[in-house]
Amino acid sequence: MTTATQHNAAAPQEPALARTVVVSWKAPIAFGVITVLAAILFLVAGQGGEAVFRISAAGDALQLPEIVLDATVVAWTSTILLLAITVASALLVRSERKVPVWLMAVFAVVFLIGFLTWAAAGARTNVIPVAGLLAGALSLSVPLIFGSLSGVISERVGVINIAIEGQLLAGAFTSAVVATATGNPYAGLLAAGVAGVLVSFVLAAFAIKYFVDQVIVGVVLNVLVLGLTSFFFSQVLAPNATTLNSPPRFERIPIPILSEIPLIGPTFFRQTIIVYLMYVAVAAVYIGLFHTKWGLRLRAVGEHPQAADTVGINVTGTRFWNVSLAGAIAGLGGAFFTLGSVGAFNKEMTAGAGFIALAAVIFGQWDPIKATLAALLFGFASNLQNTLGVIGSPVPSEFMLMLPYVVTIFAVAGLVGKVRGPAAAGKPYIKA
Amino acid sequence: MSAQGPSDPDVAVETGSQVPPAEPVRRAEPEPEPESRWHRALREVATGNAIISVLAVVLALIVGAIMIAFTDERVQAASGYFFARPGDTFVAIWESVSGAYSAFFQGSIYNFRRPDFAAGIRPLTETLTFATPLIAAGLGVALAFRVGMFNIGGRGQMLMASAAAGWVAFSFDLPFGVHMFVALLAGLLAGALWAGIAGLLKARTGAHEVIVTIMLNYVALYLVTWMLRTPGLLQAPGSNNPKTPPMKDTAIFPAILGDGYNLHFGFLLAIASVVLVWWILDRSSLGFQFRAVGENPNAARVAGINVKAMYVYAMLISGALIGLAGVSQVLGTVTTGFSSGIDAGIGFDAITVALLGRSTPWGVLAAGILFGAFKAGGFAMQAAEGVPIDIVLVVQSLIVLFIAAPPLVRAIFRLPAPGSASRRPRPNVTKEVEPK
């Protein structure tokens, strides 16, 4: 009886509550800007012609036919589709509903197809090797993904990790030296993890024991590792390149059956051991963070250390060991630079990948899966530029290089907006 | 304070002490007045902040010495027969380390091998020349820090400022002075606008400034690279190199110590910026709002401060200061035309400078000069002794780390912590009575 009356009393208020849904015009505006850009690019600067998408690689068991698209048709179709999505999102927002994520994904895919067709049609050779494009994108993303996982763990436990760049670089340096000295790339991989942990130890010791500002320690550690590796590279590695800096590289290991699936196989299942390790790491970090006791404690320490301490969690210890774990993961990512791709260490070879990983952490809202997707986006964009550079693109290559970063700015400003990190990240915990 | 009754509560709040209500406020100097700047400085020296800084530098130099010694070929050769003649190893260590550090000193402060003072002091002016962009860019990063923002976009802002100032400086014909001023203004504007994008996006959409400034670094790099290789924009006419023509003489910063020295007008501008930033942060109402937002944006908003506007203003000023670093590079240091490496990593060094200077203007000035000395000395050390300049990065970062953690330095040198009278009885208690 009483519940019924309460329900009746509350019923008239429901519409009032529903009306307070926060709507944002950011997504339609971002869509609109990109659509206008696309229209200018595809329709005004397009030259017609054909674009060929080669789905299957040369050695595949199952050969799929090439897809040939007419540039003019695709230009008009994609522009109209983009416009339609923009209008649809504007209507959604006007009727006070949110723009769903799948609509954003469709928008991105349509834009990408339009862009690729446009770029390929205006190029010297109009064939886009889709499998190669995706496989290359994945391998460029590997260090970024390891780095962003490191950032996610570290910041979730309450320690801002700007030192990802340093951890990657330390991993790259150590793995090159150890793998060369032992002749075993697996030893190098292990050493890379240890090097990442060592960098993290410094970060953890200064941030947790001495309460130094975590941003300061992170930035300084990047400089320190850069200085150390460059110094030893010039002094020791460069003169003794054969004995210290020519590590064996990991072989590509095709996984039986899976690697024969068209498009997916060559992309995901004909990679090196580091890439497979990355799949495991992403899954482990996701499950660990959100479905285990370890993850719950970790997040509690990062969100509200006092509360965690009150229920008996050792805040300092949790932070210390998880920051170390984060360092190990980033170190493995560093090994990819030497053992997975290039083969020898070089000065500053990470070239800002740690900062891109940091951006992926924030872009991915401190979530391992979303951060991985953000890192994949960066990797894809860099490889897209490589591919278009090979086939010869109609616009100056610098603008191709710029594109991923411009898209990120639009995405961060228009679609993601204000993000909120773990509440206690950056604040040292001083036990009263 | 509330016990004083209704007589004059404001006075009580202002002095913060138990002044009886009947007495006039300005009595002959009661002791709880806020201590003067000299008192504070003396107290800081006494409690060891200055000592910590000196010791941090010493520690970092010791680590640098170890690195130099261990990688020196003579030391390695002598240590091969260490047990036969250990003296040789120590002599070799001493020679390599002292050689490197004396080259370092003579490259950054005073060169004793020159006949007269005017030539001997030249390294110090080189130090100040290297310090100029570091001070300017460090101020920019520090100002953003004070508003609670992390401007990693120094590289992009410097590149845009360099491009704008350089373009004005080599493509226009204007009278001396005016030309320089217009080029300077163009550079400052470009830097400010480039950083302002990040500030505006943060204010309007909440986009994280770290992401946006990192992304803008790359955008600026590729934009400037493209302009540098496109004839009619920044590329020198009749050349295929991605490099600009030399700056016109009317736009170049004059040398302030005569033609024998590289120190240019930009250094004075950097000093003026230090004073300006100090005035903004410590004396102006804008600076008060900046600091309030930096301390606690929510409290600042409640207090009626327009937090979003502060983000935009702070990034604009920060970008202009970093732009000054770019302008001083193209109009002062590298006047023969520049390429896309004109920023020379200063945008990132500036972060370290700002951190070492604790985000205060005078601290940034000191840190900038110190790092300028490291750069000048590092190049001299590389040229004279073959020690890679990368060691400077190691020493710099160690200094910042040690200064940031005074307890560590105290532990290494076994210095007493300030106000640690109760140190002695501690060991007796903890070991015996272990709970759990």
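We count from 1, first residue shown onward.
Using N, Cα and C of the backbone, Cβ positions are placed for all residues, glycine too.
A Cβ distance under 8 Å defines the sequence-distant neighbours of the transmembrane segment (A:29-53), meaning residues of its chain 6+ beyond its ends; these are 66-72, 74-76, 78-79, 82-83, 85-86, 89-90, 107, 111, 114-118, 120-122, 126-128, 130, 394-395, 410-411, 413-415. The transmembrane segment annotation in TrEMBL covers A:29-53 (among others).
Within its own chain, the transmembrane segment (A:73-93) has Cβ neighbours under 8 Å at 23-25, 27-28, 31-32, 34-35, 38-39, 42-43, 46, 51, 99, 103, 106-107, 110-111, 113-114, 117-118, counting only residues six or more beyond its boundaries. Per TrEMBL, transmembrane segment is recorded for A:73-93 (among others).
Distant neighbours of the transmembrane segment (A:100-121): 27, 31, 34, 38, 41-42, 45-53, 69, 71, 74-75, 77-79, 81-82, 85, 88-89, 127-128, 384, 388, 391, 393-395, 400, 415; these residues of the same chain sit at least 6 beyond its ends, with a Cβ under 8 Å from one of its Cβ atoms. Per TrEMBL, the feature transmembrane segment maps to A:100-121 (among others).
Remote same-chain residues near the transmembrane segment (A:127-146) are listed as 51-57, 66, 116, 120, 168, 263, 266-268, 270-271, 274-275, 278, 281-282, 329-330, 332-334, 336-337, 340-341, 350, 353, 356-357, 360, 371-372, 375-376, 378-380, 382-384, 386-387, 391 (criterion: CB distance under 8 Å, separation of at least six residues from the stretch ends). Per TrEMBL, transmembrane segment is recorded for A:127-146 (among others).
With a cut-off of 8 Å between Cβ atoms, the residues of this chain six or more beyond the transmembrane segment (A:158-180) that come close are 143, 146-148, 150-151, 187-196, 198-200, 203-204, 207-208, 214-215, 217-219, 221-222, 224-226, 229, 232-233, 237, 243-248, 301-303, 305, 319, 323, 326-327, 330-335, 337-339, 344-345, 348-350, 352-355, 357-358, 422, 424-427, 429. Summarising the annotation, TrEMBL assigns transmembrane segment to A:158-180 (among others).
Within the chain carrying the transmembrane segment (A:186-208), a Cβ under 8 angstroms from the stretch's Cβ atoms is held by residues 150, 154, 159, 161, 163, 166-168, 170-180, 214, 217-218, 221, 225, 247, 273-274, 316, 319-320, 323-332, 334-335, 338-339, 428-429, all 6 or more beyond its ends. If you look up TrEMBL, you'll see A:186-208 (among others) marked as transmembrane segment.
The annotation transmembrane segment is assigned in TrEMBL to A:215-238 (among others).
According to TrEMBL, the feature transmembrane segment maps to A:268-289 (among others).
The transmembrane segment annotation in TrEMBL covers A:320-343 (among others). Sequence-distant neighbours of the transmembrane segment (A:320-343) (same chain, 6+ residues past either end, Cβ-Cβ under 8 Å): 139, 142-147, 149-151, 153-154, 157, 159, 161, 164, 167-176, 179, 185, 188-189, 192-201, 203-204, 207-208, 246-250, 272, 274-275, 277-278, 281, 285, 298, 349-350, 354, 357.
The transmembrane segment annotation in TrEMBL covers A:349-366 (among others).
Taken from TrEMBL, the feature transmembrane segment applies to A:373-393 (among others). Residues 116, 119-120, 122-129, 132-134, 136-142, 144-145, 147-148, 356-357, 359-360, 363-364, 400-401, 403-404, 407-408 of the same chain lie 6 or more positions beyond the ends of the transmembrane segment (A:373-393) yet place their CB under 8 Å from a CB of it.
According to TrEMBL, the transmembrane segment annotation covers A:399-417 (among others).
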Spatial neighbours of the transmembrane segment (A:399-417) not adjacent in sequence (6+ beyond its ends, CB under 8 Å) are 24, 26-27, 29-31, 33-34, 104, 119, 359, 363, 365, 377-378, 380-382, 384-385, 388-389, 393
Which residues of the chain, 6 or more past the ends of the transmembrane segment (A:268-289), have a CB below 8 A from one of its CBs? 135, 138-139, 142, 145-146, 149, 152-153, 156, 189, 249-255, 258-259, 261, 295, 298-299, 329, 332-333, 335-336, 339-340, 368-369, 372
